[in-house]
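Look at Swiss-Prot and you will find HIS16, ASP26, HIS86, HIS90 tagged as Cu cation binding site, backed by experimental evidence. Swiss-Prot lists HIS16, ASP26, HIS86, HIS90 with the feature Zn(2+) binding site. Sequence annotations record features per position, and here Swiss-Prot assigns Ca(2+) 1 binding site to SER19, LYS22, HIS24, THR27, GLU32 based on experimental evidence. The Ca(2+) 2 binding site annotation in Swiss-Prot covers ASP62, ASN64, ASP66, GLN68, GLU73. Taken from Swiss-Prot, the feature domain 'EF-hand 1' covers 13-48. Taken from Swiss-Prot, the feature domain 'EF-hand 2' applies to 49-84, supported by sequence analysis. Positions annotated as region 'Hinge domain' by Swiss-Prot: 38-53.
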Amino acid sequence: MTKLEEHLEGIVNIFHQYSVRKGHFDTLSKGELKQLLTKELANTIKNIKDKAVIDEIFQGLDANQDEQVDFQEFISLVAIALKAAHYHTHKE
C-alpha cells in the first residue's frame, strides 16, 4: 500500500473508531463528532472552547439535517482540515 493509501485508510479507520460508539455504526452523533474533534484534531481546534462552535460545525456538516454526520459529510471536514494544514505549511 502506498503512503497516501495508508493515510486514506487511516481517515476511514478514525471515522469508524468513533462512529460505532452510539446509534448507527456508520454515522457520527454530535457527541461522537465532538470526541473525534477534540481527540483527533486537537491542535487544529485548540482555540475552540465554546460548545456553540462545535454545534455549528455539526450543523454545517449535517447536510441532510438528520442529526447524524455520515462519511460523505465527514469528508467535508477532512477537506477543510487538509486545506488549513496545507496553508499552514506555507506559512512556516
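Even glycines carry a Cβ here, placed using N, Cα and C.
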Under 8 Å by Cβ from GLN68 (Ca(2+) 2 binding site), same chain, sequence gap 6 or more: GLY23, HIS24, THR27, LEU28, SER29, ASP62
Positions whose Cβ lies under 8 angstroms from the domain 'EF-hand 1' (13-48), at least six residues beyond its ends: 54-55, 57-58, 61, 67-71, 74, 81, 84-85
Minimum Cα separation from GLU73 (Ca(2+) 2 binding site), reported as the residue among binding-site residues LYS22, HIS86, HIS90 that achieves it: LYS22
Secondary structure content of the domain 'EF-hand 1' (13-48), with strand meaning DSSP E or B: 18 helix, 2 strand, 16 coil
Residue from SER19, GLU32, ASN64, ASP66 whose C-alpha is spatially nearest that of ASP26 (Cu cation binding site), among the binding-site residues: SER19
Nearest of the binding-site residues (HIS16, ASN64, ASP66, HIS86, HIS90) to LYS22 (Ca(2+) 1 binding site) - Cα to Cα: HIS16
Model confidence over the domain 'EF-hand 1' (13-48) (mean pLDDT, whole number): 91
Three-class DSSP secondary structure - GLN68 (Ca(2+) 2 binding site): coil
